[in-house]
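According to Swiss-Prot, the active site, proton acceptor annotation covers Glu207, on the basis of similarity to another entry. Marked as Zn(2+) 1 binding site by Swiss-Prot on the basis of similarity to another entry: Asp175, Glu208. Look at Swiss-Prot and you will find Asp175 tagged as Zn(2+) 2 binding site, backed by similarity to another entry. Look at Swiss-Prot and you will find Asn98, Asn395 tagged as N-linked glycosylation site. Feature annotation from Swiss-Prot assigns signal peptide to 1-22.
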Amino acid sequence: MQKTYIWALVSLLASSLVDARSAVFDQTPLDIGGSDDSFDSIARIDPNNNDLLKSEMDKVIASSELLSLHRALVEIKSISDNEQAVGGFLMDYLYSKNFTVEKQYVDYDDPTGKPIRSNRRFNIYAYPGNSASPGIILTSHIDTVPPFIPYSLSHPESASFKRDDILISGRGTVDDKASVACQVIAAMDHLEKHPDIPIGLLFVVSEEVGGRGMSTFSNSRLNSGTYHTIIFGEPTERALVAGHKGMVSFTIRVHGKPAHSGYPWLGRSAVSEMLPILTEVDRLGDIPVSQGGLPSSEKYGRTTLNIGFMSGGVAANVVAEEAVANVAVRLAAGNPEDAKDIIFRAIRNAATKHRKDATVVISNGLERPKGDIEVIFGLEAYGVVDIDADVDGFNVTTVNYGTDVPHWKIYGDNVKRYLYGPGTIFVAHGKNEALTVGELEAGLEGYKTLVAKAAERERS
């Protein structure tokens, strides 16, 4: 890991003055990539000549500030709760570009919920010179889901080589290091042209595991409330997102009584009691509210539930003493508290229908259970999130996934929030996570447009 970090940093910063940490912004013109005359001959390369193809693809990446930064970020493993290496690299990179950079440590929670200070993860807040309270802020997350997948380049088999078709694969290439790289370069481009309008960069940890990074920033002095525009980065296929669904998560824990499987009536199977409960839970998004279901809306469609994890018992010849299931809910309407009430009633009704004397309780999961069946709601819960999408030239959509948008407490009136980024969510978190050079560079242009629109607001 250390070798990877050093190589990435040296390759990107060899020509930079690393000691210039918080001065007037560098006015040197940027080389951010795009079409280049030196690559006009690439179309004549035989795409089946692997060695030559790899060499030319590497040249394309190395010739572009955007593509080189993206590669360096992706090559550094940064699975949630272990973002220190990529954070250190990004801080040094921003220092070298004459940003002032602040490091904000983000606590962990121990099993009892007590916060623990650690230097393994931290947010990064950067701005030009002394402009610590800019009106425009670009933000993305630097953590990824597991497992780590190395950076690689490929090109589709075709009669000719096309620069835009180079496929960049690896964990984080889309979610969310594409947005991180684009936002950095877009900010540098803006400051080169408009040094009188400061812009901030916020890169947070732990977005993939509950949003603790953004919540920490939101509750700190750095959240000054002087901003008028916040641009969040996520893979949106370069569309502006007009909003996304809300989120509720919960765990069901059933306590049974163990016995020999040859005499099941001497025990009580936790697995057998869990099954009818999950059957009822699984249909809550498909039935109307009048029948005990969860709400839907015209904008976001129906509420969906995913039973993502289930375990129970110890062996086939033992009546199961315990069963556990974890469920994620994507709310299409209503508020989280009402949704929790609906979910709890459904679980209780299913449990008592299966066994009349079943006791169902809401629990924090830490204390000794007071019932046969515990319902443990996660700490993260929010309703639908409406977002601005009023900039011309973009497709507009809604998405079903969660983001850091609801974790940022907004202070002040008329603050615009945009959600945008290159790449598609349909490959994020998958083995095939990837995007093309053309998609990444088009994403940068979209960020430039959003920043320019925000700058107009500041002038007015």
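Just so you know, glycine gets a Cβ as well, placed from its N, Cα and C.
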Query: According to DSSP, does Asp175 (Zn(2+) 1 binding site) fall in a helix, a strand, or coil?
result: coil
- request: Look at the glycosylation sites Asn98, Asn395 and tell me which residue has the greatest number of other C-beta atoms within 10 angstroms of its C-beta.
  value: Asn98
Query: Hey, how far is Asn98 (N-linked glycosylation site) from Asp175 (Zn(2+) 1 binding site), Cα to Cα, in Å?
result: 26
Task: Show which residues of the chain containing the residue listed as 'active site, proton acceptor', separated from it by at least 6 in sequence, have their CB under 8 Å from its CB.
output: Ser80, His141, Asp143, Asp176, Gly213, Met214, Thr403, Asp404
Query: Cα distance, Asn395 (N-linked glycosylation site) to Asp175 (Zn(2+) 1 binding site), nearest Å?
result: 20
Task: Specify the count of other C-beta atoms within 10 Å of the C-beta of Asp175 (Zn(2+) 1 binding site).
output: 29
Query: Reported as an integer number of Å, what is the Cα distance between Glu208 (Zn(2+) 1 binding site) and Asn395 (N-linked glycosylation site)?
result: 26
- prompt: Counting across all protein chains shown, how many other Cβ atoms sit within 10 Å of the Cβ of Glu208 (Zn(2+) 1 binding site)?
  reply: 19
